[in-house]
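Structure first, commentary second.
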Amino acid sequence: MDQEESHVISIFETFGAYFINIFYNFLYKNALYKKHSIVMEYQYQVKGYILGVKQNKKLYEKMLDSFYKYFCNITQINSKTLSFSNFVSTIVDSFLPKEYSQSISLEKKDSILELLLCDYISNLGTFITTEKMLPFIVKNRKENYHRITKEMQDYSLTFLLKKRMELYNKFLRKQAYVEPKTELEETYTRLSSYNRSLLYQIEELTSEKKSLLAELSTLRKKYEKRQSEYRRLVQLLYQQIQRSSSSKNSYPLTKFIETLPSEHFSNEDYQKEAPRDQKQVETELLKQQEELLASQELTSKSPSNYPVPQSRTIVSKPSDNYPVPQSRSSKIDFDNSLQNQELNVKNGFSGKTILELNQDNPEIEEDILEFNQDNPEIEEDILEFNQDNPEIEEDILKFNQDNPEIEEDILKLNQDNPEIEEEVILEKENHKEDEPIVQNPFLENFWKPEQKTFNQSGLFEESSDFSNDWSGGDVTLNFS
């Protein structure tokens, strides 16, 4: 045992000797003056002393002053040398580590000493009043004096050493041990760290958003530029289609589509009425040309009743002399009307005169149609006669070549009578004004030729070089 430990034990033994004397001698003497049972009276005196020290401040100060004087006498230290404050520091320092005792104030040491004394007195009084100790203190005191006092001193020293160890550990824990945080503090710390992580994520997302917005702005500018280029190309393509369609005299499909409502393309009626493919239309057009050639072969021979003069070429367009059918399906009517018109020209009747005659006398046309339907063999006989007698047409041509004076007489008659020629010119101008309006662009292409060859009697001549791939230009039709 070192010197420091022996000094502490000597202080603790002096500490215990003072209070054991009070409990064993002083309180026992006070119990003898009472008339009640000495055991019960002694217990009462012990409890009263403990409560007085804890609750009565004056009694505590009186007890402490008495203990101070006792300490000075036992240790043989002069009271002038050991002041009361030094006494308090000496007692308290024996319970605390040196590194902490110097930093604690005197007021703090007074409170520590008060707690130590109150706790010590309470535990010592409880130990003395137990059934094990009380009979030996009250009865047979002289016989049991040494044994009882020795047990009381051992208990006092053991308690003070234990108390010293508790205070040592308490101060050491304050130095090395961090007190655990409360649940609220832990929650605050956890949420603070989570909040910092969220703020970091927000900063990253904000920067990413800025970069994405910049990319979006760039893409939007590119899209607007491409869209403007696309619109310009579509407009140029549309203009090119319009120019090509106008140059080829094809259907104005683009304008037609523009005028249609948005729901028109989904209509079943429109799908039924929609124009057929260009290839199908061209195929039908070729068939029409072949049928026209076949019909012209049947009527290529001129009647024997009319002389055929030398042919002359004139520039003309479709007029009243050539009726235009209104649909592709009326091919037979078109051929019949063309043959009827040729016969009318042979007989010296203009198309305008025939139209006026038909309008004024509709029953005549009905009678003619009914007669043709009832007697189809007459027209077949005429065609068969023309085919069987080609020499009649040759005789007419030969007659015109052998008698040129007839044509000279006609020219002289025109010179002597200019009013007749003026009437002929006016009649031609009227024919030009009455030209039909071609509504079907495919038929317009069909009537495209700028020149046709007619003879002086009004009959057009058929050429043997007529081909199905004709796409416009001069057409010469010669009757042989």
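A Cβ is built for glycine as well, from the same backbone N, Cα and C atoms used for every other residue.
Under the heading coiled coil, Swiss-Prot lists 195-235, citing sequence analysis as support. The feature compositional bias 'Polar residues' is assigned by Swiss-Prot to 301-329. If you look up Swiss-Prot, you'll see N73, N195, N455 marked as N-linked glycosylation site. The region 'Disordered' annotation in Swiss-Prot covers 297-332. Residues annotated as transmembrane segment in Swiss-Prot: 7-28.
Remote same-chain residues near the transmembrane segment (7-28) are listed as 1, 42, 45-46, 49, 67, 70-71, 74-75, 90-91, 94, 120-121, 124-125, 128, 137-138, 141, 148-149, 152-153, 156-157, 160-161, 164 (criterion: CB distance under 8 Å, separation of at least six residues from the stretch ends).
Here the Cβ of N195 (N-linked glycosylation site) has 10 other Cβ atoms within 10 Å, regardless of which shown protein chain they belong to. Its Cβ placed at the centre, N73 (N-linked glycosylation site) has 11 other Cβ atoms within 10 Å. DSSP classifies N73 (N-linked glycosylation site) as helix under the three-state reduction. Comparing N73 (N-linked glycosylation site) with N195 (N-linked glycosylation site), their Cα atoms are 68 Å apart once rounded.
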